[in-house]
Amino acid sequence: MACARPLISVYSEKGESSGKNVTLPAVFKAPIRPDIVNFVHTNLRKNNRQPYAVSELAGHQTSAESWGTGRAVARIPRVRGGGTHRSGQGAFGNMCRGGRMFAPTKTWRRWHRRVNTTQKRYAICSALAASALPALVMSKGHCVEEVPELPLVVEDKVESYKKTKEAVQLLKKLKAWNDIKKVYASQRMRAGKGKMRNRRRIQRRGPCIIYNEDNGIIKAFRNIPGITLLNVSKLNILKLAPGGHVGRFCIWTESAFRKLDELYGTWRKAASLKSNYNLPMHKMMNTDLSRILKSPEIQRALRAPRKKIHRRVLKKNPLKNLRIMLKLNPYAKTMRRNTILRQARNHKLRVKKLEAAAAALAAKSEKIVPEKGAGDKKPAVGKKGKKPVDAKKLKKPAGKKVVTKKPAEKKPTTEEKKSAA
């Protein structure tokens, strides 16, 4: 299948190229805006709604009055009387059985929406441009794999068809009948209450036939399921983009296809059949951004890239980070080394003192002579059977005498002083 070309071939009723070519209208190059199409479709579809409302008397066709407080029941109005289940039941409220609904619907709701004319035309232009792209048409679910060309244009002789069998034969010759078979396969019963409201069966959408003059073409195609017929002068966004999604499969007659430039104009000429209307333009004529940025015109205007790298300095604590301290104060390394040596030297002196004290204590214990014989020698113990103190636990040198505290003298009381006197 061929893609969009500047010249479009016109196909005959036999499904072959007739040899005639038509220039591609400018509307098929318009910007495709799915957001605008969806917005316009949503608002225009609201204009087909029928106003509805509930009765103003619904839920209030009874006499009920609140019982007030003091009865340990809710203060909702209750039906009067007795002798029936209804008496004493709640009424009027939206939470009550048989009561009115919350905010009863009114017929004066704002049902319709106004859409700008230019915006509606923009949506139609986008839908037409999308119908010429095979990828978008296939993404919508249309079976156009065997269709010879998009957009598909046929001769004006088709507009004079009056029999459905002629229309079916044309669709089969154009390889568009697969899309109709898809519609037949999709026919099914509607889910929900629409079955009760004369909307029992649903089906998918098929091709959209766009013609210029009705010489019987409507009668020929209207009985084929899924087919939509549109006059080129009365294009409808609800038909060109069902559901608000672009990509409808369209089949054009030659005269309708040629009329598009007069209806929507080109970028050099305004539309002749519409007053003061210009075709919307692209914001970017070339969407290849990398090609634009690498073009010599833009590269000449750009300055050379800055290759110097500026790194943020991370502030570190020199009291915890030796490398940063040495960077600030190189003498800190010498001070640190001297401190370590001094601590090692002091440790050696402390160990020597403890060893000397232990040796002196051992010599003193050997000089003590026991009263009994040498055989009855007992191990030297401290006072009250305590173990001898280790040399390491001694805090004072052995040369000094241990000062013992004298017991404090008891002072005489005042009574003792009086008796003594």
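Using the three backbone atoms N, Cα and C, a Cβ is placed for every residue, glycine included.
Swiss-Prot marks one residue of Ser12, Ser63, Ser87, Ser290 with the annotation phosphoserine, and that residue is Ser290. Of all the modified residues listed here (Arg97, Lys333), the one with the fewest other CB atoms within 10 A of its own CB is Arg97. Separation of the C-alpha atoms of Arg300 (citrulline) and Ser290 (phosphoserine): 15 Å, rounded to the nearest whole number. DSSP assigns Ser365 (phosphoserine) to a helix in the three-state reduction.
Shown in sequence order, Pro25, Ala26, Leu279 are the residues of the chain, 6+ apart in sequence, with a C-beta less than 8 angstroms from the C-beta of Thr266 (phosphothreonine).
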